[in-house]
């Protein structure tokens, strides 16, 4: 009797399920990538659009949305292999496309992660997960994209959108890929034993330092915006923050490239640290300001998530609580106390305080990972002999490596971001013109987030051709003009385009 024909998804030729493919691993990696994607879109898109002043809601959300889309195209064209391909330089991989079937359906591999001893003998093989390269490309894209989206938080409310469109692909290629290859792709920091489990340095320290540097070159918002920049929708801000928190399960849970024991520990530690940090930040707000702040709670949640990221799957859960407490207190101090006493921090207009929530928290997390990383779990993750926390035999050497790795990331991002922005500035202005800065979304995009307004911002219906068409549109325009002629302005007129 002939054996039954297997259904299409499991056809033997070509092998839809090769011997090396673990369907569980592949399913988890795709799910983790989706979780991280939801952090950016809609998570940070919603958070940015709601945490800013109403007149910048559309522009802020669009900056995040554009960064996400542009990153994907550049990533599959050249970026992925610059970060995770064959070694070109000690800090950079060879550029190449990730577009063809032959590459994408082959087993995932990070070739430069093979580690050799001083005698040239292979001590640990390259990283080779049990799923196709396409899954690796997708997951790493999501991490690259969220880095640029986080960076955008420093520049909201004044950067020329055309300059942002030019900046994002350049920064991805000449800054992000360097740090990613150096720490994750088998570059010199990886081989040296610097620990960055899921992006405390590659993503958060990079975005915080690059964002702060970019904010310096772009310049500050208008004085009126800096003095009064209250969120336009705190409830939506909480919703965006919630997506960010829950999506972090994929962020840190997908870092081992397998649903193994470190993935489970990472997801638990991530949530524990976030909760501890949120509570710590809230308590400090109550102690020093007499009342809890919802915005502060979201910032505390963020710093806890960032602080645990460099060591999420490598530390005890009690250490995750300590890291959460540190993540909720030291960035609070830098933002609330140090910021007011530093001339440089006062001068640079970092719109969403990305420097404090990501650079400070990421640096802190990397340092604490150098103290608390467990030998057994670190060996599972990095394959670099001797990589472990100072409290578990790593000594001061591991802490020194963590500090040196952070210094490299800081210096590279300052230099690369500066050079890129100065180059972009030769072609297109980095800042919006004064008229757009005063008006906001309507001048920058011809769109506004809400049909209702009442805080002094004005919707000029006569600028929109779509509102003039037909009898209904003409009536709306006439009504708006009547209000203006009566000296009442446009307030109270609801426009629906």
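All positions are counted from 1 along the displayed chain.
Glycine is treated like the rest: Cβ placed from N, Cα and C.
Feature annotation from Swiss-Prot assigns transmembrane segment to 32-52, 60-80, 136-156, 170-190, 199-219, 234-254, 270-290, 294-314, 318-338, 352-372, 408-428; the stated evidence is sequence analysis.
Highest Cβ pair count under 8 Å relative to the transmembrane segment (270-290), across stretches 32-52, 60-80, 170-190, 234-254: 234-254.
When Cβ-Cβ distances below 8 Å are used as the criterion, the transmembrane segment (408-428) is approached by residues 160, 162-163, 166-167, 170-171, 174-175, 178-179, 182-183, 189, 201-202, 205-206, 209-210, 213-214, 217-218 of the same chain, each at least six residues removed from its ends. When Cβ-Cβ distances below 8 Å are used as the criterion, the transmembrane segment (170-190) is approached by residues 71, 74-75, 78-79, 82-85, 87, 90-93, 110-114, 126, 140, 144, 147-148, 151, 196, 201-202, 206, 210, 382, 384, 405, 408-409, 412-413, 416-417, 419-420, 423-424 of the same chain, each at least six residues removed from its ends. Nonlocal intrachain contacts for the transmembrane segment (294-314), taken as residues 6+ away from its ends with a CB within less than 8 angstroms of a stretch CB, comprise 47, 51, 195-201, 203-204, 231, 234, 237-238, 241, 244-245, 248, 251-252, 255-256, 262-263, 265-267, 269-270, 272-282, 285, 320, 323-324, 326-328, 331-332, 335, 353, 356-358, 360-362, 364-366, 368-369, 372-374, 377-378, 381, 389.
The largest share of C-beta pairs under 8 angstroms with the transmembrane segment (199-219) comes from 352-372, of the ranges 32-52, 60-80, 136-156, 352-372. The stretch in 32-52, 60-80, 136-156, 352-372 that contributes the largest number of Cβ pairs under 8 Å to the transmembrane segment (234-254) is 32-52. Tallying C-beta pairs under 8 angstroms between the transmembrane segment (60-80) and each of 32-52, 136-156, 318-338, 352-372 places 136-156 first. Most Cβ pairs under 8 Å to the transmembrane segment (318-338), among the stretches 32-52, 136-156, 352-372, belong to 352-372.
Tertiary neighbourhood of the transmembrane segment (352-372): same-chain residues 48, 51, 150-151, 153-154, 156, 195-197, 200-201, 203-205, 207-209, 211-212, 299, 302-304, 306-311, 314-316, 319, 322-323, 326-327, 330-331, 334-335, 339, 345, 389-392, 394, 398-399, 401-403, 405-406, selected by CB-CB distance under 8 Å and a gap of 6+ residues from either end.
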